[in-house]
Amino acid sequence: MVPGDAPVLALTCGEPAGIGPELAVMLAADGVPAARLVAVGDPALLDERAAMLGLRVAIHPFAPGEPPPAPRRGVLPVWPVALRAPSHPGRLDPANAGHVLETLNVAIDACRAGRAAGMVTAPLHKGVILDAGHVGFTGHTEYLRDACGVEEVVMMLATDSALHAREAGWRGETTLRVALATTHLPLREVADAITVPRLERLLRILHADLQRWFGITAPRIAVCGLNPHAGEGGHLGREELDVILPALEGLRAEGLALDGPLAADTLFTPRHLEGVDAVLAMYHDQGLPVLKYAGFGRAANITLGLPLVRTSVDHGTALDLAGTGRADLGSLRVAVALAAEMAGRGI
Ligand SMILES: NC(=O)c1ccc[n+]([C@@H]2O[C@H](COP(=O)([O-])OP(=O)(O)OC[C@H]3O[C@@H](n4cnc5c(N)ncnc54)[C@H](O)[C@@H]3O)[C@@H](O)[C@H]2O)c1
Ligand SMILES: N[C@H](C(=O)O)[C@H](O)COP(=O)(O)O
């Protein structure tokens, strides 16, 4: 039973050929304890995916201006956004890129107008949106940054990291949070994108939002180096000495608790993570493989620095699983629960 005062969360269904639409109906069939969920997507597509999976879910389209129906298990309220072309599981079609972006716009508007307390996003496919001609599109995170008119946001993934908790002798925090200094950027461009002002902006956001959304009064953040062994004293790269260290020193003088730059290979071990509230990794595949190894399916992606609540799943469109009903619902559950908790804290 969902309490009537549970927050309304807009759930964008993501790439229509991916697993997003079926995860939405699977969640509605199971029930969502913490939130009143409103899907943003094509009602006929959701109906079709429910039927394909043999799920009894009543799809209930209604206009964004109307109050959402009372939450009930097996009923999925939907703010309708029509597909631009028919969609088939596993088959991408650039014709539907505009549909995917429109679902984001509807959810953003709902959050900004106070009709939703936050948004949760099912996965979209960046490649097909680029193929459709949306030049420069790099994902939800940057799209939300631009739509909300903020200069900078931070991508952070978090998991309960049960893997670490199982280690013998490990008695520290079981939560692993990994934020990224650069996101969807070719590796060749990463070093140039890491600058003192950028690191300062990102670390200020990370510090402030660990306080604001996670209730951590004095966050301790561990910062990775960029190069092997954090540059080996300048012998294996100078970014640690010339960029990361000066940024950290400036922020420490402001009172932020920052460790680093640390060698990423050993930083991501239980003893070094003890007492650390978040790790700032320098690039996507320095931080996310660790997080996903520790908690794939139990993790969520959070955009920090926005004037609204946004969480997402820890996985992509999984085109290979679309339409089979074999996709794991775990991460979407975590993303919804976390968004509800964040919404409860208020902006
Ligand atoms: N939040 C998002 O919108 C988001 C997140 C990650 C990736 N993506 C995008 O998704 C697209 C495909 O990316 P990819 O192939 O690298 O990653 P992917 O996560 O879609 O798939 C990687 C592997 O994980 C499996 N998998 C993914 N989700 C699963 C689930 N819920 N249950 C069980 N198995 C699951 C897939 O079957 C596949 O074997 C890319 O365009 C990528 O940019 C979007
Ligand atoms: N880097 C994320 C991941 O690997 O899970 C992902 O691609 C999501 O990006 P957006 O939330 O910006 O779409």
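Each residue, glycine too, has its Cβ placed from N, Cα and C.
As annotated by TrEMBL, substrate binding site applies to His140, Thr141, Lys292, Asn301, Arg310. According to DSSP, Thr141 (substrate binding site) sits within a helical segment.
For His184 (divalent metal cation binding site), the Cβ neighbour count at a 10 Å cut-off comes to 13, with all displayed protein chains included. Summarising the annotation, TrEMBL assigns divalent metal cation binding site to His184, His229, His284.
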Checking the binding-site residues His229, Lys292, Arg310 against ligand 2, those whose Cβ falls under 6 Å of one of its atoms come out as none
Among all chains shown, work out which of the binding-site residues His140, His284, Lys292, Arg310 has the most CB atoms within 10 A of its CB. Arg310
Give the distance between the Cα atoms of His229 (divalent metal cation binding site) and Asn301 (substrate binding site), rounded to the nearest whole Å. 27
Across all the protein chains here, work out how many other Cβ atoms are within 10 Å of the Cβ of Asn301 (substrate binding site). 26
In angstrom units, rounded to an integer, how far apart are the Cα atoms of His140 (substrate binding site) and His184 (divalent metal cation binding site)? 11
Cα-nearest neighbour of His184 (divalent metal cation binding site) within the listed binding-site residues, Thr141, Lys292, Asn301, Arg310: Thr141
Distance [Cα-Cα, Å, rounded] between Thr141 (substrate binding site) and His284 (divalent metal cation binding site): 13
